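> I grabbed these lines from TrEMBL:
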- A:403: active site, GMP-histidine intermediate (ACT_SITE)
- A:108, A:229: Mn(2+) 1 binding site (BINDING)
- A:228-232, A:351-352, A:379-382, A:386, A:403-406, A:478: GMP binding site (BINDING)
- A:260, A:351: Mn(2+) 2 binding site (BINDING)
DNA sequence: ATGTGC
């Protein structure tokens with residue numbers, strides 16, 4: 001089944017010291033001169049292209065054992081596998097003990113997905129689409145927003161995520177939330193991974209966002225962000241597992257609202273800070289790794305690992321609240337345009353995060369946790385379906401699933417060549433995408449991504465996930 | 001990923 005191109009690629013990699021084999025829907029990769037490193041595996045259909053850069057990055061990750069303590073236990077990658085800018089491939093999952101690798105998460109801390117549904121037909125939605133778009137434009141059309149928030153609320157959300165934010169919205173004298181719509185948010189907390197609350201600390205947050213008292217002007221909360229991030233209105237076109245779908249509140253014909261966003265500038269700030277610190281900690285008589293991956297050892301520097309995890313959690317908390325507030329904007333406008341709709345949360349889960357699992361940690365970069373029975377949300381693109389699935393907790397793949405279809409063509413390639421390609425060739429025919437930046441529509445066109453169906457299919461066949469429902473895009477908002 | 005950039 002392998003094409004000549006792939007065979008040629010594997011031979012070229014072998015000459016560079018990277019042993020890559022393909023069988024049974026997966027590549028295995030290992031640097032020949034590192035026989036003790038675990039063999040990295042990539043789940044990928046034979047018909048899909050694979051890039052040398054991404055394979056090298058994954059083998060480097062398997063090679064990122066801390067020389068003075070710590071272990072790489074397991075490295076794998078999901079079918080949305082493609083090269084990353086910072087030396088770690090998107091779709092990588094690494095299980096470690098005695099060490100964590102800040103670069104394996106990077107800057108986009110707690111990038112994740114959130115899904116709501118509403119009892120509203122596509123027909124009724126489209127009848128007032130223009131009014132809805134007009135209102136959402138006002139909400140979304142700026143990369144920055146000036147949210148004015150009490151400093152104590154900001155502090156609470158950095159330290160405790162959604163729980164902290166809810167606590168700060170409580171009127172202590174009456175025991176009620178300051179606004180009645182917050183009641184619904186509180187009842188939905190069990191539908192957020194880790195309840196949207198991790199152990200963070202304000203000392204890791206950008207200083208200007210955590211004054212002692214007063215008000216904070218924040219430009220990141222309740223904004224979508226760039227790249228592949230979006231807010232999308234979809235239609236539930238197929239239910240594959242009715243029992244689970246009903247249990248999770250999803251029905252055929254409903255409208256779905258999907259949010260893909262992360263920790264914005266906070267993750268950039270904290271991720272960048274720790275990328276630099278990990279490198280500095282490394283310079284204590286150790287040879288610099290060529291891969292630019294600098295693991296922190298919990299054996300030689302235990303405080304560095306607890307500090308990093310606390311810092312990562314601080315950004316993760318911000319991301320959970322960011323998605324929550326984006327969803328509240330959506331619900332507000334839906335109610336304004338379509339009347340009293342509940343639009344309940346189905347699930348919110350991170351796909352860029354380090355979690356304690358097994359004897360150590362699992363770091364996923366562009367990969368969803370997919371533990372047994374857990375809801376998993378995998379978006380396609382603005383012109384192709386997205387999926388709601390259930391995790392099967394497959395330990396061969398570190399209990400993970402892909403976070404999307406995976407990029408096929410770079411943003412740069414599309415901004416340079418895409419503008420000269422036809423709408424049809426870009427897969428944009430019939431796509432309703434609202435964005436102020438025309439190039440975003442090109443860079444994020446369906447042709448930028450792998451076809452989602454085989455990506456889902458290979459994960460179902462390999463026993464990572466089970467499909468619960470499929471949603472078709474109606475309207476996409478890009479920043 | 002980031003109001004970015006070969």
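Including glycine, each Cβ sits where the backbone N, Cα and C put it.
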> What does the structure give for the C-alpha distance between residue A:260 (Mn(2+) 2 binding site) and residue A:229 (Mn(2+) 1 binding site)? Integer Å is fine.
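About 5 Å separate the Cα atoms of these two residues.
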> Could you tell me the C-alpha distance between residue A:229 (Mn(2+) 1 binding site) and the residue listed as 'active site, GMP-histidine intermediate' in angstrom, no decimals?
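About 12 Å separate the Cα atoms of these two residues.
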> Write down the Cα-Cα distance for residue A:352 (GMP binding site) and residue A:108 (Mn(2+) 1 binding site), rounded and given in Å.
7
> Whole-number answer please: how many Å between the C-alpha atoms of residue A:381 (GMP binding site) and residue A:403 (active site, GMP-histidine intermediate)?
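Between the Cα atoms of residue A:381 (GMP binding site) and residue A:403 (active site, GMP-histidine intermediate), the distance comes to 12 Å.
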> Restricting to the same chain and to sequence separations of six or more, state which residues have a Cβ under 8 Å from that of residue A:351 (Mn(2+) 2 binding site).
A:111, A:112, A:113, A:364, A:366, A:367, A:368, A:369, A:403
> Count, for each of the recorded positions A:229, A:260, A:403, the other C-beta atoms lying within 10 angstroms of its own C-beta, and report the residue with the smallest count.
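Counting other Cβ atoms within 10 Å of each of the recorded positions A:229, A:260, A:403 gives the minimum at A:229.
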